[in-house]
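Novice: One structure, pasted below without further comment.
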Amino acid sequence: MDTLLFATTNLNKAKEVEKALKLANFPLKVITNRDLENVPEVIETGTTFLQNATLKAHKLAQFSQLPTLADDSGLMVDKLNGAPGVYSARYSGEDHNDARNNAKLLAELGGVPEQQRTAVFHTTMVLSWPDRYDCDLVSQGEILGRILTMPKGEGNFGYDPLFYVAEKGKTFAEMTVEEKNTISHRGIALRKLLAELPMWWKKMSK
């Protein structure tokens, strides 16, 4: 079976991709940064999700000499002119974590009425083949939501307890993993990628 490197240390994300590949009848062995030694650090210096995902995909494809999938995701709040955006993971500064990021977001939106707390969760995925960096496969996914005034739900991570999806009547954190994956920005991007993957892989393998 061919191997795909997913440029992450998040094993749950890797399992999600591996499961999706099987369901798409294109099974690949998915490994992560954890399966490799001396993995180089990738500093996300890009100002867009595409730039950051591309940086990770290219550097780790070069390092591993394996087809490499990377993603970059973030929350874009309309009232904050798209912030935190590409800085979502480190929004609260050097000592960032989920709780501090959420607290800063709530503080920034203090006093903003419910109807003006609209936001978008975005994911960009880039799949790179070693030494064929002009042939990247790129996909994107987005979902609209609203930022609540207090967290709801115990599941998932990041801004999920604050991100309310009206069509479901609940936050990401109140959804099961399966329910979230059917509508999430990452799930949408992954399904778009899988639709083009078999033909792309065949072309790159020649």
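Even glycines carry a Cβ here, placed using N, Cα and C.
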Novice: Could you look at Ser64, Ser73 and say which one TrEMBL places alongside Thr8, Thr9, Asn10, Leu11, Asn12, Lys13, Phe157, Gly158, Tyr159, Asp160, Lys180, His185, Arg186 in the substrate site?
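Specialist: Within the candidate list, TrEMBL flags Ser73.
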Novice: For each of Thr8, Asn10, Asn12, Ser73, count the other CB atoms within 10 A of its CB; which of these binding-site residues has the top count?
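Specialist: The largest 10 Å Cβ neighbour count belongs to Ser73.
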Novice: Write down the Cα-Cα distance for Thr8 (substrate binding site) and Asp72 (active site, proton acceptor), rounded and given in Å.
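Specialist: Each residue's Cα considered, Asp72 (active site, proton acceptor) and Thr8 (substrate binding site) end up 10 Å apart.
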Novice: Which residues does Gly158 (substrate binding site) neighbour through Cβ under 8 Å, counting only same-chain ones at least six apart?
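Specialist: The list for Gly158 (substrate binding site) reads Leu75, Ser88, Ala89, Asp98, Asn101, given in order along the sequence.
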